[in-house]
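To keep things clear, I will list the structure first and then write my remarks on it.
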């Protein structure tokens, strides 16, 4: 039995509405994959897209970014979609850098904005 691809969905506070809109627009495509998301983002997506089965980890500032980073390092997250807000100062910016660094180190497809995420989801489909 083949394991389904696991996609991580994360969004900064000012990008959460955009992530929810993205998930709604691609709900059918995303339903083919296992989804993991940070706590708040995952809850918002789950409310908007009840057909998706989302595994929620802790909120980003409480360690959720690091939990997903560990999943990338273990090979259990194969795609990262992280809507970053480059205009807001973030107290957990070090965690964000560590997460995107791991995405690069382990050479997984990674989208940091909606335009790239749109292309990535179409390529996976």
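Yeah, the Cβs are placed from backbone N, Cα and C, and that goes for glycine too.
If you look up Swiss-Prot, you'll see 1-125 marked as domain 'MGS-like'.
DSSP assigns residue 40 (substrate binding site) to a helix in the three-state reduction. Every protein chain shown contributes to the tally, and the Cβ of residue 40 (substrate binding site) ends up with 19 other Cβ atoms within 10 Å. Swiss-Prot lists 12, 16, 38, 39, 40, 41, 59, 60, 92 with the feature substrate binding site.
Following the DSSP three-state reduction, the secondary structure of residue 65 (active site, proton donor/acceptor) is helix. Residues or ranges marked as active site, proton donor/acceptor by Swiss-Prot: 65.
Highest Cβ count within 10 Å among the binding-site residues 38, 59: 38. The separation of residue 65 (active site, proton donor/acceptor) from residue 12 (substrate binding site), Cα to Cα, is 11 Å.
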